[in-house]
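Asks: Not my notes, these are from TrEMBL:
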type	residues	note
SIGNAL	1-17	signal peptide
TRANSMEM	625-646	transmembrane segment
DOMAIN	845-880	domain 'EF-hand'
DOMAIN	881-916	domain 'EF-hand'
REGION	986-1005	region 'Disordered'
TRANSMEM	1070-1092	transmembrane segment
TRANSMEM	1104-1127	transmembrane segment
TRANSMEM	1156-1177	transmembrane segment
TRANSMEM	1204-1230	transmembrane segment
DOMAIN	1293-1398	domain 'FAD-binding FR-type'
Amino acid sequence: MFYTVFVLHFAAIAVQGKEFPPYNGWFNNRGNPDSGTPDSILSRRLSPHYQDGVYFPSGWNRPNPRTISLNLTSGTPGLPSSDGKTALFYFFGQHVMQEIVDSTRPGCPPEFFNIRIPAGDSSFDPGNTGTVAIPYQRSRYQTSNSGYSPNHPRDQLNEVTSFLDGSAIYGHARAWVDKLRLFARNCTNRPDTNIFASQYGTADCRGELRSVNDLGEFPELNIQGLPLNNPVPPTTRNVQDAKRLHQTGGRNINENPFLLAIDVIWFRHHNWLARNIGKLHSDWSEEKVFQEARIQNVATYQKIVFYDWLPYLLGSCPTSSAEMCQNLTAYTEYSNGVSVAISNVFEAAAKHYDVTMAPPGVFRRSKYNNGGCVFRNTSSDPLRVCNTYWNGNEIFQESNIAEVIMGMASQILEKEDHIVTSDLLNFYHGPLEFSRRDLVALIIQQGRDHGLPDYNTAREELGLTRRSTFEEINPTLFASYPSLLSWMETIYGGDLDSVDLFVGGMLETGDDKPGELFRLIIQDQFVRLRNGDRFWFENTRNSLFNETEVAAIHQVTFRDVILRTNPSLNESVDIQDNPFFWNSMNDTRLLCPQPFQIDGPNHTWTTTCTTLETYDYFSGSEASYAIVFAAIGLFVLFSLLLMYLLGKRQEKRVLSLKKRVISKHKVSLRNSGIEATFAIEILGENKTQEVQVILGPSKQIVVKNATGNRKLQTFMLDDNIEIYTTTAGTSMFVRTKKATYDMVLSFTDLDSLYEFVAKLKSFVTSHGVDAKEEDLGSYRVLLQEANTKQKRDELLKIFFKAALAQAVKMSKDRSAGWTWSKEAAKLINVGISKEEFAQYLKLKPNSSFVEQMFSVADVDDDGEVSFREFLNIVVLFTKGSAKDKARLMFDMYDLDKSGELSREEFQVMLKSMVEMVDASVELEQIDELVKQMMTSYGLGSKQSLTLEDFQKMMSQYSSDLSEASLNIPGNTAPRANLSISITGPIANPNQESAEKPKPKYQKTTGTTKIRKARMTLKRLEKESSEVPIQRRHTKHVKSVQVVQEEYTESKLKRRWIAFIKWNQNNSQQIFWATLYILLTAGVFLQAFFAVASNQASGLSRIGSWVMALARASAAGLMFNFSTLLLTMSRNTITLLRETFLHLYIPFDSAIPMHKLVAWMALFFTGVHVIAHGINFYSISTQSPADLLCLFRDYWYPSNYLPSFVFWAFQTITGITGIILTLIVIVMYIFASDFARRKIFHWFQLTHKFGFVALYFFSVLHGSGTLISSPRFYLYFLPFGMIYTLDTLYSISRKRIEIAVVKAELLPSDVTHLEFKRPSNFDYKAGQWVRIACLAQSPSEYHPFTLSSAPHEETLKLHIRAVGPWTMNLRSIYNRETLGDSPYPKLFLDGPFGEGHQDWYKYDVSVLVGGGIGVTPFASILKDLVNTTQSGKAVTCKAVYFIWVTRDQKQYEWLTDIIAEVESKDKKMILNTHIFITQFPQKFDLRTTMLYICEQHFQKFAGKSLFTGLRATTHFGRPDFKHFLISLADEHTAVKKFGVFSCGPSPMTNSVDKACSTLNKFQGPSYSHHFENF
């Protein structure tokens, strides 16, 4: 009846406009709007006592909290509350604390301040390890302006409103409240079982809160995902979905079913109020009904807290005078000057006073019935608190709210003393990784975390008297527990000033109430909350309530609330008048007393608390972690295997092309009537070659290579032959008596084998030769019996090695005579054929020289040279005199054995020398050469030469003939070095120069030995006035004086000089490379220290310095991969190198710089992957809550345990990181030398699409913000824009179709293409382009150097066929293939600059070309002559072009270019030297004779006998070191020579080695630029 009157009256004024309280406390205090709002700081009633005055916890010198806890709380448990407080009183108080303060959320980043457990602790360390610690994370604090200096020490935060405004019921934010509200006017579908349906019906539901199944019993389950705290229940240890929890206003209300029951009461009370208000005001909106119900509910809550619960918590002041003790006074008025902030000392100490009253369990009972009540489980145990944490749903599935509320109302609490129940002391809930904790130890640690002072200091600052002894704290207590006094004094070492505030406050407890310290703090806190709340229900000025309504609210008790919300209860018997107390004084409804005092003397627990369990968050990730990194390693192997297989496939394609050539050759053979059998010749173990066997002509079997352009072996049918086959297999071999090794053949099938055997037998018998045939059974036996070429070669190696060793021995001891070594004796019966003789001399078997030399060696004319016969030749060339060697040559070519050498025989001799180098020399030239040589020695009138005449001619070269040898492989006899000197005027060969130039390079061998390098260019006689020579180099002798080489510098000094010159030659490259490395290091270090020093992120706590290393390496590789685009911007580089910037930036080093940057990027990628591998492990070991804090851009539900798989595959950073790793692996593997040589198309493909994917996924990778905000775009954008513009320019240019005007197929598989030059195509000599053939693939570009000169109207390329693309190109532009069709067009991209185009920047430049590498020099030579002819100034004073070629026929097109250049070079700038490398050795008998011929022909003809050029021709490989030395002697004023080489790697390496060697010594420096093909 009372409440109906109250609601009616309230409704009478509710229609008037009013200001409803805000949900978040904002503007409650108009002068200080954010006072008391969520995330406001905890106020400081006491000065902070941090160790460092800023943030480091206090109590650093205090005892271990666990040790204190065990001793402080010791005593007899189970004593009942002195004044009969019930469990309802305690859990209501817990709800009040949840209402006004929450600092349980740890700080972010996590700061661990763990509590070390004493070894052997029975609850936490039964194994006596001494390593156990209770996890404690320091509280959240205001990071914006606290914790940085003593002026602003760390201030902790309160996450809820500090007002008693119902935030634990409704939430502290509008969005939170909206999730709890029903937002409905009519609920016609509401079930009749709704708890209020019988009273108010089911239709009107305005202003209500949601309930489970709309039954009104419990708040709705958390299906909408409110951020409620959802730890793992310590009893089940199962991670559960937060949807099982009930939606409440407080994060922690679901902690236990008893706290939840209190909240459900207030939830129901709101809906009860809403129904009453709505019933009376059908015209009110849903919002108005809700707000009116809310303010009434909150007002009732405020009244009960402050006037029904708080006074009994504090107790009355003692009758005797007590310091600072005042009883609660009546409300007067609101004061906006009062701070409502929760004080730190209240939150971290005083509010926990009630922990001593906490029950270990809770009874549940039924309603009063027939004179009694039924308590559940009274025969065993009530609900044990330690086993009810976070599983309230399970409790309420078997019990209703009323049973729990009545049970708590009947149960008497623990006594108000220092003793704490074991359920909180040893079995308080904890996180998954540490399921049980000590609540008292946690409270003590929290006080230290918050910087609370010691107990005595707190008393003094609050105006209380300091205690001088421990006993003074509570004499009554210590009298009852003397051992406690002893323990406290022992633990704290007798130092009262080090006692923790909470410990001292708890020790003060007595007389059923807190001691004066805690009482003062608690009362102060609640009085401030009341007086500083503008919306306090007693403040009639806020227009919420008038005086009458306030008086009505004062009449409502918690019993009324319980009865209103539990309609089934009988108000007469089911609940006492004051549910907070079980006291018979003035209460007639105490009808259901508790059956026993829990933990008392009459109770023994049968239900035990689940014990401590730990959890490793990495468990379950071990296999996936290992598999992922193993898979990455396997992917590397897979990529390598794929590259290898693709390379093999490419080789097969090349082989296929060759087979096509062979097929065409077969057709050609058939058309010409030649019958050949194709088979595989087995040369030895795992060594084969495809051959063709031709029977005939006459009595011989000829074996050629598959294409038929080289003869491999000839079998003469002078005697019977033996044919060996196998019964199972397709192999056979043929043996003849005179063949040096057997012909072992394998066929594709038996039919082919039988067919060839039949043909062979028919051919043999047709020539009257018998054929013996034998079956050897198996292939293994056949291979053992056959004398394969491999076996023969091994025998010959021993043969020549033994012969040379024997010759050297005999040369050293001439008196030894013919004494045989054991090794030589074994070879006495071994002979070599003419073909083998020629092969080891590196000559053709049919050359005249070989014919004559073999005839001379074969003394017994048996067609073989025996070991002894060969030894005679070797000894002759080892120890023979010049006359002996001249006589040998004379005898070799005295064909008719007349004792004289006729002119014709002399011509044969000279022609055989020319044949050795495949030179094309006209017979007339040979005749003229013979005539000139004989005339110059006064023998012009003679028709033949005697031995004396011939020796007279050779006498001028006696020293060189003495040094000459046969140069058989393995011969180590000393010989002169090849060099080209340019020193000294022309001298008479018979007299020494009057003055020798001082050598710039000296070398000592040992201490006194001086090694002389003999020149291979012969001393020229004085030039004839009849044959004027106009070449520049004839002004000086192209010969080398006997140069005395003596290196006087020490090894250390040579290294220092080499370093200095290397710096000089590469100063720009070193500067920019160093600058780039320093920039990268700066980027790396900046990122490293930014993460390492950023303690606010917390990442360093997880991964230590490895986390910083991961971020720093990421910054390094981002910078590297971004700047890598600059080195790929070919057009930009070509453009800039033409500006003044080329004086300061080495643009030609773009490719080396590209490689440097790429290697740096790969290094940082490796570091990044390894670091993140460690970090992902570290991350996977952290708790989910910590990870959500550290990685705030990631989210997962509270019941999810993120494993390594989550971080690796379910985050953008992880999955893109793995993808990027795979991309980098593929790109780098396919950028290897093997891939670029074998599968260039795949190299281009992986680079082209790999870089696009790399940058795309790098952007995504950074967007994951795992460690920091995205940064990649900052590095990428500037360089990416440059590269994009550069690429767009290339695309716009290279898609223009270029017509080919001329195509030629030149020897040595060279294709010459001449095509139109675009109108805007400007280039320099030595530059290169990229072309794509439209007949092949318009998108596949290949680079080639232009061989045309800038002044020419067309562009020219000389392309050698070495791979499928170039082979196909040669086939495509074959006129025979094209017929009358026009040449296929090209796409052109370029030109691009490179180092060779800078030849003109040096005073003296040396151009070295080998193989197809001569193409840039073809352009340069033509440009050089054109420039000089046009009268333009040329910086370069001399150019030396060295052409290294196997023979002059190899690149005849270059010969024509050189001839043209020579004819136009009027200023004599160019010096050309051609080296024909037919022979592997530099100096032997053959090359001596060639030089004699060449010099005599140059003398009278003014050009080379072999090339027709005026350039000097040499035989053998150049000695670049000696050549560069001679340059220094010729150009004494030049300090730096430019050396440019292009060709095969061995050649460019030789040039580089020569430059590097000479740069170690005093003298000029040599700057080497090279390209390999």
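Here, residue 1 is simply the first one shown, and the rest follow in order.
Every residue, even glycine, has its Cβ placed from backbone N, Cα and C.
A TrEMBL annotation is a machine prediction, not a hand-curated record.
Situate these features within the shown structure.
Replies: Long-range contacts of the transmembrane segment (625-646) within its own chain (CB-CB distance under 8 A, at least 6 residues past either end) are made by residues 618, 1169, 1173, 1176-1177, 1180, 1204, 1208, 1218, 1221-1222, 1225-1226, 1229-1230, 1232, 1234-1235, 1238-1239, 1242.
Using a Cβ-Cβ cut-off under 8 Å and counting only residues 6 or more beyond its ends in the same chain, the transmembrane segment (1070-1092) has close neighbours at 1063, 1099-1100, 1105, 1107-1109, 1111-1116, 1119-1120, 1123, 1145-1146, 1149, 1153, 1156-1157, 1160, 1164, 1267-1268.
Nonlocal intrachain contacts for the transmembrane segment (1156-1177), taken as residues 6+ away from its ends with a CB within less than 8 angstroms of a stretch CB, comprise 618, 625, 629, 632, 1073, 1076-1077, 1080, 1084, 1102-1103, 1106-1107, 1109-1110, 1113-1114, 1116-1117, 1120-1121, 1123-1124, 1127, 1204, 1207-1208, 1214, 1217, 1221, 1224, 1228, 1231.
Within the chain carrying the transmembrane segment (1204-1230), a Cβ under 8 angstroms from the stretch's Cβ atoms is held by residues 618, 621, 624-625, 628, 632, 635-636, 639-640, 643, 1158, 1162, 1165, 1169, 1172, 1176-1177, 1179-1180, 1194, 1196, 1239, 1242-1243, 1245-1247, 1250-1251, 1253-1254, 1257-1258, 1260-1261, 1263-1266, all 6 or more beyond its ends.
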Asks: Could you tell me how many residues in the domain 'FAD-binding FR-type' (1293-1398) are helical, how many are strand and how many are coil under DSSP?
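Replies: With helix first, then strand, then coil, the domain 'FAD-binding FR-type' (1293-1398) has 19 helix, 41 strand, 46 coil.
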Asks: Taking every residue in the domain 'EF-hand' (845-880), what is their average pLDDT?
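Replies: Its mean pLDDT is 71.
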